[in-house]
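Inspection log for the structure reproduced underneath, given as structure tokens.
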Amino acid sequence: MELMVLLNALVTRLLFVLHSLIGVWRVTEAKKEPKYWLLALLNLLLCLETGLTLKFKQGRGYKWFSPAIFLYLICIVPSLWLLEIHHGTQYCSNEPGAVQMNVTNQDVSQPPDSSHGSEGIDHHIIQTAKVFVNQLSTICETVWTLALHQTFLLLLVVGRWLLPIGVEITRDQLSQLLLMFVGTAADILEFASETLDIEDVRKNYILINAILAVWTWSMLQFPLDLAVQHIGCKPTASSRQIPSLLLCRYSAELWNIGVSLFIQDGPFFIVRSILMGHFRIFNQMLVFFTAKNILVVILQLYRLAVITLDFRATILQKSRKGEVGCCPCEPYEATTHTTADHDAEMKVCAAFPLREESQAPLED
């Protein structure tokens, strides 16, 4: 096992655990009930996954799915739910914070008493740590909740970058995936913060739960790597219909379209439409992002139609010409075929049911 792979696997999961524990600590502080520390037990699942990955995968990732990211979601999402539902009424004011910060700076800047040697230095470090923790405790709950949302999404992107990749995904595909995650994380953060900050939404418990449910649903795309990987299935006699062959060739693009329509932009559009249509909630940003969701959904449907029509036209064209070259159901990546595989694929292409306009046998 390479040392760097082991280090990246352990450090990334350690960051996940630490961030999850901070979220549990904030829930305990907000609720004033120690029983919420039981949420920290969810991190045992991540520890178990770490051990299994190190033993069976030598620290590297899996194909199409990241268990570490998924378990991190399980660890941190309940804490964010509780913080958003609680949404404490702690008063936020700049003046008390400024006074406290001045006192903190003064205490920290005092040099340790050199007469006591190492004991004085240790005492100074402990006092500094206590002051820092007390300063963090004075930050109001709404600021803490937003900060946890922001660091959560940033850590998802950075963590996916640091996690060792498997043999099935290339670095080029990983870079594409990370760029997609950055844009996705920004949209999700905007959706959660923009809708939950509306005063009328905060007064409606059902709306809060509905928005958080859609937000949680949108997070499920992060553990999956299908957006940059083709399924790579081979056409067989049982998969001669357009949907099956289309999925083989355009699996990554179809996954991106499906994510946009059913996991992100589609649900976001429905929630915002309900807020404006049923609850009569209007503001400039809500209207703008609703229009943006509509535009994205329309463009994704247009892209799906273009892919389907182009694929059908390609098959018809090859059927008319009687070509025995590359089967149009192959994925984009170049693959190595044996003679038997090539003959089987050519039989499938020849038996494809779209040769409606070339029923007469072709003569060479």
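Note that Cβ sites are derived from N, Cα and C of the backbone, with glycine treated the same way.
Look at TrEMBL and you will find 6-24 (among others) tagged as transmembrane segment. Beyond the transmembrane segment (6-24), the same-chain residues lying 6 or more positions past its ends with a Cβ under 8 Å from any Cβ of the stretch are 36-37, 39-40, 42-43, 46-47, 49-50, 53-54, 59-60, 68, 71-72, 75-76, 79-80, 83, 148, 151-152, 155, 158-159, 162-164.
According to TrEMBL, the feature transmembrane segment maps to 36-52 (among others). Taking Cβ pairs closer than 8 Å, the transmembrane segment (36-52) reaches residues 9-10, 13, 16-17, 20-21, 24, 27-28, 67-68, 71-72, 74-75, 78-79, 82 in its own chain, all 6 or more past its ends.
According to TrEMBL, the feature transmembrane segment maps to 64-83 (among others).
For 143-162 (among others), the entry in TrEMBL reads transmembrane segment.
Long-range Cβ contacts of the transmembrane segment (204-220) within its own chain (Cβ-Cβ under 8 Å, at least 6 residues beyond either end) map to 73, 77, 81, 84-85, 188, 191-192, 195-196, 263-264, 267-268, 270-271, 275, 279. What TrEMBL lists as transmembrane segment is 204-220 (among others).
Outside the transmembrane segment (281-302) by six or more residues, the chain places 190-191, 194-195, 198, 200-201, 257, 260-261, 265-266, 268-269, 272-273, 275 with a CB less than 8 A from a CB of the stretch. Sequence annotations record features per position, and here TrEMBL assigns transmembrane segment to 281-302 (among others).
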Residues of the parent chain within Cβ reach of the transmembrane segment (64-83), under 8 Å, 6 or more residues beyond its termini: 12-13, 16-17, 19-20, 23-24, 26-27, 30-31, 36, 39, 42-43, 45-46, 49-50, 53, 141, 144-145, 148-149, 152, 155-156, 159-160, 163, 168, 212, 216, 219-220, 222-226, 229
